[in-house]
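Feature annotations, courtesy of TrEMBL:
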type     : residues      : note
SIGNAL   : 1-17          : signal peptide
DOMAIN   : 50-364        : domain 'Peptidase A1'
ACT_SITE : ASP68         : active site
DISULFID : CYS81-CYS86   : disulfide bond
DISULFID : CYS243-CYS247 : disulfide bond
ACT_SITE : ASP252        : active site
Amino acid sequence: MFKYAIVFLCVAALVSCELYKVKLSKKKGARRYRSRTGTENMSNYNDMSYYGPITIGTPPQKFTVVFDTGSANLWVPSSSCTSASCVNHASYNSAASSTYVANGESFSIQYGTGSLSGFLSTDTVVVGGLTITGQTFAEATNEPGTTFLNEPFDGILGLGYTAISSDSVTPPFYNMVSQGLISSSVFSIWLNRVEGASNGGEIVFGGADSTHYSGSFTYIPLSSESYWEFNMDYGVVGDLEFCASGCSAIADTGTSLLAGPPTSIADINEVIGATQSSDGGYYVSCSDVSSLPTVTFYLGGTAFPLAPADYIVNVVESGTTYCMSGFSENPTAGEGGPSWILGDVFLGKYYTQFDMGNNRIGFATAK
């Protein structure tokens, strides 16, 4: 398994024009592919996740969670869970919280390598200085397999629509809005992809941070109020045009690379000279990176180019650096889910505004 250097990510909440920031981190994590049905197939190689601290309960119990635009539930391990993945992480103890409210409804999410199950509970949740009261979340009592065993985070905080929330639980972002903690139904994400940078990025709840983008946003209406799904016009690399007649795409912070239909991904990687390894990833010679072509995605009539430095990921194995293509296969393409998943490879280049109030997504050049 390749290893990545640790960088840091900040999450911020914008309230009354003031930013509340929480120091977060970025490490290798799980790449998740999801379908419209809520199934989350997970694989685990050479990827990174953006994650950071939240607290649940009174007094606060600390957890590290992935901030994931491709799901809508908040879950953390339960103190009653004896699975190895739970024992290896922080767990929630309802008996230790004076603000805990029992729910008890069963909860389950199916994964490609097993299932996550447990029950629902309600308590106070604090994210970036914002105190959400009465937030229902899942206590995981069974995490089979090794999907989460060695991950650097305890759970996941979903930022998707209620439509994809298991058991129709109201997501934390909805409660931020309904409880008046933020002034508008918008959150924005800046991911700092500079290797070794002390600040890995920030999430702003309720607005956007103009210090991290330049120019204006290109807004695209959502085609589905579930995932952050929209229509992609097409893409070009060299003489190859892919998604020629338009296709569906989602912006997903929970996917580290940029995933697409296997045939299109194979074609793109062939054009850039990448060959597939036994681990499923595509690699190029590091000496060739500077001469690789630009890959351009057209969204909302605007060109969004990715230079080689944007889509090639440096990975290290036993002291040797390898150059991995950021274009990977999406196994759920054509099976009811989106064809393309614009993960951190794309979101690191373009500051992204998730506007739930207007059901649209906006992209601007990150800086």
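Including glycine, each Cβ sits where the backbone N, Cα and C put it.
Whatever TrEMBL says is automated annotation, not expert-curated.
Fair warning: this is a prediction, and the values are worked out from it, not measured in the lab.
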Nearest of the recorded positions (ASP68, CYS81, CYS86) to CYS247 (disulfide bond) - Cα to Cα: ASP68
Neighbouring recorded positions, C-alpha within 10 angstroms of ASP68 (active site) - of CYS81, CYS86, CYS243, ASP252: ASP252
CYS81, CYS86, CYS247 as disulfide-bonded residues, winner by CB count within 10 A: CYS86
Confidence summary (mean pLDDT) of the domain 'Peptidase A1' (50-364): 92
Between CYS86 (disulfide bond) and ASP252 (active site), the C-alpha gap once rounded to whole angstrom: 25
Nearest-integer angstrom distance between the alpha carbons (Cα) of ASP252 (active site) and CYS81 (disulfide bond): 29
Distance, CYS243 (disulfide bond) to CYS81 (disulfide bond) (CA atoms, angstrom): 44
Helix, strand or coil at CYS81 (disulfide bond) [DSSP, three-state]: coil
Number of Cβ atoms other than its own within 10 Å, given for ASP68 (active site): 25
